[in-house]
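Okay, so here's the structure we're looking at.
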């Protein structure tokens, strides 16, 4: 696991917020997903490249509830993710064909879980996923089990990139809370971003 602090340049963060806002308002844009038991996740989500269905825990070209096709991953997003991947040279390189965009309000959170819905080939090779944080700081938890009391805690700030691959690929991880009013002032001024955290996670199916 590698954390690249402040890796995403301010101008790129501004561009990502603008593009996510544009994509999020269109077909296949942001919605509040449900789990298999019907409970709503405490965040808003949009899938790019391939749609991820949290109920079936599988990928497909369209969303089951409205038939919307997943928007294409912008090339600029891919370039930032792949540059981070190259910088963390201990990981194999990926060609991201999935980007899950989550927006957490200041009350948003996500329980400890594993990202294991990618292909057997991707998982067995330990291909990394690349997570970019923009906006307010979030407390990120990770560990070998779902026990949040045993989890390690770190802060993910705007512009940080976290990469999990190899032996760390299947670590349990989640967001305990978002820290209010911690986004950079220039980001708020340039984008009008709402309070909360935007998170883009890139992976190869």
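Quick reminder: no glycine exception, Cβ is built from N, Cα and C everywhere.
TrEMBL labels come from automatic prediction, so no person has curated them.
TrEMBL annotations:
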- 95-205: domain 'Fe2OG dioxygenase' (DOMAIN)
- 113, 115, 173: Fe cation binding site (BINDING)
Additional residues surrounding Fe cation, by Cβ distance to the 113, 115, 173 centre under 8 Å: 112, 114, 171, 172, 174
Binding-site residues compared (113, 173) - the one with the fewest other Cβ atoms within 10 Å: 113
